[in-house]
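Have a look at the structure below before the remarks.
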Amino acid sequence: MNLINTRESQFELLRIVAIFMVLIHHSLAVADTFGYTGHYTLNEGITGVLLNSAVIIGVNLFVLITGWFGVSDKKIFRKILFLLIEVTCYSGIAYLIASLFNVTRFSIPDFVHAIDFTWNWFIVCYIMLLFSIPLLNKLIRTNKIISLPLFRCKNINIDECTLFILLLTVLNVVFGWGLKYNNVNGYNVANFAFLYLIGYWLRINKWNMQSPMILCISVYAISTILLVCIFVFFFGLMHKESNTINTMRIMGYNNPLVILSSMAVFILFSRIKIQSHWINSMASAVLGVFMIHEVPCISEFWRSIASKFYQEYSYFGLLLFDIIFFIVLLALALLIKRFVITPILYSMGNIHLLR
């Protein structure tokens with residue numbers, strides 16, 4: 001499996017966009033009008049459904065980037081170690097700062113809970129993906145052409161990577177999302193492995209060279225609109241209960257429309273050629289944005305402020321809050337990265353992990 005070692009700024013920019021989308025997705029829940037935490041209302045919730053349909057791809061984009069660049073088998077454990085150091089530092093220091101500014105009262109149990117990554121499904125699944133990568137790499141390393149019997153007198157030639165993706169599509173999308181067997185919403189390592197292979201497959205087949213930008217934009221727009229239509233049909237017209245489980249399924253990460261939308265945006269960014277040290281620096285700390293805003297006491301605090309923005313200025317106010325909040329979190333994450341994480345890695349002799 002050929003790996004890409006250089007940091008390409010268009011993908012680093014996409015990494016930033018992906019986490020910003022996750023932040024918007026989480027903030028939309030405070031509107032309480034389109035499922036997740038509250039029931040969908042046709043009049044007030046349609047804007048929220050549209051916004052959520054546009055940004056639900058954030059997690060998928062993050063994993064697709066990992067698949068595109070690949071991860072060397074020899075660096076798996078170092079990468080996991082680095083990830084754990086980042087997660088612990090971002091969450092722990094954010095909790096201490098929150099305590100210092102009276103956002104919460106400091107307590108040892110709450111501090112331990114803040115740095116305990118096991119409550120965060122994304123981090124757990126990403127670590128599980130990293131452990132699975134040697135197996136995934138072995139499956140696609142040779143990428144041989146296989147001849148499969150299609151009809152009585154005709155065979156079809158297909159490479160192993162494409163075959164694996166087709167099989168996982170049946171398992172994750174058809175049986176999982178479609179028929180509700182086990183993987184109903186994509187919040188698991190099975191879907192992450194699926195996306196990892198798709199990211200690799202897009203690179204080796206040079207989809208970024210074959211797909212016009214207007215086509216990528218069109219697929220993203222159409223997929224988003226269709227996702228809105230499905231949501232409105234089930235919860236608005238058919239009056240299905242828009243509870244957390246049902247909403248997460250319709251907006252699932254293994255929903256074929258969400259996957260198509262993710263691929264379209266990913267290919268779109270891959271066609272843009274940028275090289276910027278500033279973008280690369282920002283992207284190196286973007287995981288901190290995710291971890292800090294997920295610390296329980298901080299999450300409760302910012303959601304209360306976001307709710308006020310929404311009540312006062314509707315979804316425009318909510319998006320304005322997201323922009324401001326993202327900038328603040330990114331600045332804090334960069335400081336933690338520079339003055340805490342980097343020195344720790346230097347002392348461990350693992351500074352190469354920062355590259």
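The first residue you see is number 1, and the count goes up from there.
Backbone N, Cα and C define each Cβ position, glycine as well.
The structure displayed is predicted, hence computed values, not measured ones.
Lifted from TrEMBL, the feature list:
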| type | residues | note |
| --- | --- | --- |
| DOMAIN | 11-336 | domain 'Acyltransferase 3' |
| TRANSMEM | 12-29 | transmembrane segment |
| TRANSMEM | 49-69 | transmembrane segment |
| TRANSMEM | 81-101 | transmembrane segment |
| TRANSMEM | 121-140 | transmembrane segment |
| TRANSMEM | 161-179 | transmembrane segment |
| TRANSMEM | 185-202 | transmembrane segment |
| TRANSMEM | 214-238 | transmembrane segment |
| TRANSMEM | 250-269 | transmembrane segment |
| TRANSMEM | 276-293 | transmembrane segment |
| TRANSMEM | 313-336 | transmembrane segment |
Contact between the transmembrane segment (12-29) and the transmembrane segment (81-101) (at least 3 Cβ pairs under 8 Å, separation 6+): no
Cβ pairs under 8 Å between the transmembrane segment (161-179) and the transmembrane segment (214-238), at least three: no
Considering the transmembrane segment (276-293), which listed stretch of 49-69, 81-101, 185-202, 214-238, 250-269 counts the most C-beta pairs under 8 Å: 81-101
Intrachain residues whose Cβ lies under 8 Å of the transmembrane segment (250-269), provided they are six or more past its termini: 10-11, 13-14, 17, 35, 52-53, 56-57, 59-61, 64-65, 68, 172-173, 176-177, 183-187, 191, 194-195, 198-199, 202, 207-208, 211, 213, 215-217, 219-220, 223-224, 226-227, 230-231, 234-235
Highest-contact recorded stretch vs the transmembrane segment (185-202), from 49-69, 81-101, 214-238, 313-336, CB pairs under 8 Å: 49-69
Stretch of maximal Cβ-Cβ contact with the transmembrane segment (313-336) [cut-off: under 8 Å; candidates 49-69, 81-101, 214-238]: 81-101
